[in-house]
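Q: The structure follows.
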Amino acid sequence: MMLSKKNSETLENFSEKLEVEGRSLWQDARRRFMHNRAAVASLIVLFLIALFVTVAPMLSQFTYFDTDWGMMSSAPDMASGHYFGTDSSGRDLLVRVAIGGRISLMVGIAAALVAVIVGTLYGSLSGYLGGKIDSVMMRLLEILNSFPFMFFVILLVTFFGQNILLIFVAIGMVSWLDMARIVRGQTLSLKRKEFIEAAQVGGVSTASIVIRHIVPNVLGVVVVYASLLVPSMILFESFLSFLGLGTQEPLSSWGALLSDGANSMEVSPWLLLFPAGFLVVTLFCFNFIGDGLRDALDPKDR
């Protein structure tokens, strides 16, 4: 009897030591993400890049439009204060890279936001309603997806000229199409779940079911795809600017700076190296963060 009592006390003490606090889905995902060294390091580097493009123009002694006539096409020089060098017009490259980074990051993040808002709502409605409505909505999606996008951009530039608003409109037109397809597929499997059927029996409206029950359950996939969409949109904007269809003077982006640097690569290689370096590092960071989020939120890995 004494032995049994002692054993029970030992088991109770052992169970108290092994007691594990319950974690929610997002707490578990955060723990997984923080254990991914590449993703965490990329997040830190991306924060530093965002800090640079925000603060550097404020701290620099040169403005975006200042021209140093005595330092045209000058190599990076600490003494003169042109830490990244100057372009052919004597403008400070550090400030231009920082301002260009703002525009490139803004385009990528704005495209991801459009994809999240429009694509999630469109895809969840299409998948939940089903039937003929789903068929019509998907056919419309296929028509938009088959539209020659480059021709559309050239048409916009021809009629309305080149400005940053057109870039947002053009990229926003295509950024949500794949997101809508992905969310629709997730919704088709979710709408057969018991909690959706219970909401239907309880008389909950379609809008409430989509917003309160379906959308929160597809957020994991949405977050992962959005994080991988940002670098694609940044690269796409850079490609448009490189071709002369995107951001142009007096504004600039990393793609426009790459285009300028490529023309004088043999004479002034720093004009190409600095914007290219920032662009490549940013793209790698977003991709590593996307991979980390996918590993953290993928239900097959839990």
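Each Cβ is built from the backbone N, Cα and C atoms, and glycine gets one as well.
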Q: I'd like to know whether S135 shares a side of the membrane with M265 - going by the topological domains in Swiss-Prot.
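A: Checking Swiss-Prot: the two residues are separated by the membrane.
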Q: Pairs of Cβ atoms less than 8 Å apart decide it: which stretch in 40-62, 164-183, 268-290 has the most with the transmembrane segment (214-236)?
A: 268-290
Q: With helix taken as DSSP H, G or I, strand as E or B and everything else coil, how many residues of the topological domain 'Cytoplasmic' (184-213) land in each class?
A: 23 helix, 0 strand, 7 coil
Q: Do you know the DSSP helix, strand and coil residue counts for the topological domain 'Cytoplasmic' (126-137)?
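A: So the counts come to 11 helix, 0 strand, 1 coil.
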